[in-house]
Amino acid sequence: MSELLATYVLTHREDEQVNRKAEQIALGLTVGSWTDLPQLKKEQLQKHKGRVEKVTEKFAPAENGLYQSEVTIAYPEANFSADIPAVLSTIFGKLSLDGKVKLVDIQFSDRFKKSLPGPVFGIDGIRKKTGVFDRPLLMSIFKGVIGRDMTDLKEQLRLQALGGVDFIKDDEILFESPLAPFEDRIKEGKKILKETYEETGHRTLYAVHLTGRTFELRDRARKAAELGADALLFNVFAYGLDVMQSLAEDPDIRLPIMAHPAVSGALTSSPEYGFSHSLLLGKLNRYAGADLSLFPSPYGSVALPKKDAFGIYEACVKEDSVQKTFPVPSAGIHPGMVPVLMKDFGLDHVINAGGGIHGHPRGAIGGGKAFRSIIDAVIHGESIQEKTASCQDLKAALELWGRVVE
C-alpha cells in the first residue's frame, strides 16, 4: 500500500503526552475514531487508517517553558487524489488551525511523484537558454516602475541589460496597467534585448509578471508564449501551487516559471505553526513546476536564518525524480556579498539584485558590471583587492556597500 509521510513539529507543555497527540492526528485526519468501531468496520477501514511512523519527543525547548517534538505520520494514498490541494487538505487542513503544529516535510511515494511535473526546464534548461554554464546567473529587478510608462521601462531594461545581467524580472507589484500593458512589455522588451545583444554579444532574458484573475492566467500565459516571452514571473502563493502546476503542465505555454515568495511569510514565519521554508519554497515549489524559486538570503535586508535558507537550497537541488529548481537567494543583495553567496550556494544559484544594481553610483550599468566583475574574480581565484584595482565599477560598489565576510 502506497503511503505519504508527513512530518510535523509540535509545540507543547512538558507534561503533554506527545504520543497520544500523534495518534489523535493520525486517526483524526483519516478514519476518525478507531477503538469504538466494530471489528467489521475496522477491517474495511484498515487500508485508510493513518499511523504514527515516528515520534522524537522534546528534541528542542521552545519559548515560555514549552517544548518541541517531531512527529511523522503515514497517510494511505488511497485517501486522496493525486494532486497537491488534496494532499494539503488531508494532512494539514483542519490541523493547521491547531496553532501549535508546523508541517516541516512531506515524503511522496514514487507512484505519487508521477503526478507532479516538476520544472519543465530546471537548472539545466535555464542554463541552455542563457548560454551560461560556468558561474552563477545574475538577475536584476525593475525598480520604481509603478506609475511609469513604457518609455521608462524600456530605458530601465536597456540599462540593466548593458550591465551584463542574465535575467531581468518585473517587480512583483507591477500588474496590468494602461501605462505598461502586459503584451507591450513583452513585445518592446524583446526589441530592446535584441538590440543590446547585437551591441554586446551578451544575451539577457526578461521574466514578465503573469497577473490577473485566476481563470485568465492560462490564456495570458499562452499569449505570452505566442509573443515570444522568455519567462514568467509568478506570485505563486497569492494564487496557489496547483495553479502554477497547471501552467507548468500546459504544452501551449512551455515557458520557465519564476516563483516569487510574496505572501509566503504569512505561512512560514512562525516557529510554531504553518509550513517550513524548505517545504514550501523548496520542495513544493519544485514539485509544482517552479524552474526558479526566489527566497530571502541569510545576509540581506529580509534575511532568513541560515538553516532555513540552506534548507530551501537543498530542497531545490538535491537529486530527485524531477528536475532541479534554480535557487534564487534574494533581498538586499549587493556585490560585496558575492564571495559569501558563492561559497555557501556554489555555482548553481541565481544572484538576484535590485538596489545593489540600481543604487550603484554609476547607475544600473555600473551595478551590473560590478557584480559580473566580482563573480569572475571568485570563479578565477583572483583577489578582490586586485580586481577592484582594475574595475572602477567594483571599486565604487565596495566603497558604497562594503564586503560581507564570514
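Positions of Cβ are set from backbone N, Cα and C atoms, glycine also.
Of all Cβ atoms in the protein chains displayed, 9 besides its own lie within 10 Å of the Cβ of Lys94 (active site, proton acceptor). The active site, proton acceptor annotation in Swiss-Prot covers Lys94.
Taken from Swiss-Prot, the feature substrate binding site covers Lys143, Lys169, Asp170, Asp171, Glu172, His260, Gly332, Gly354, Gly355. Packing around Glu172 (substrate binding site) is summarised by its Cβ count: 20 other Cβ atoms lie within 10 angstroms of its Cβ, all protein chains included.
Per Swiss-Prot, the feature Mg(2+) binding site maps to Lys169, Asp171, Glu172; the stated evidence is sequence analysis. A coil conformation is recorded for Asp171 (Mg(2+) binding site) in the three-state DSSP classification, outside any helix or strand.
Proximity of Lys169 (Mg(2+) binding site) to non-local residues of its own chain (separation of 6 or more, Cβ distance below 8 Å) is seen for Met139, Ser140, Ile141, Phe142, Tyr206, Ala207, His209, Ala231, Leu233, Met258, given in sequence order. Per Swiss-Prot, the feature N6-carboxylysine maps to Lys169.
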Around Gly332 (substrate binding site), which residues of its chain at least 6 apart sit with Cβ under 8 Å of its Cβ?
Ser297, Tyr299, Gly300, Ser301, Val302, Ala303, Gly355, Gly356
Around the Mg(2+) site formed by Lys169, Asp171, Glu172, which additional residues qualify by having Cβ within 8 Å of the site's Cβ center?
Ile141, Phe142, Asp170, Ile173, Leu174, Ala207, His209, Leu233, His260
Other Cβ atoms within 10 Å is the metric here; tell me which of the binding-site residues Asp170, Asp171 scores highest.
Asp170
How many Å lie between the Cα of Lys94 (active site, proton acceptor) and the Cα of Asp170 (substrate binding site)?
36
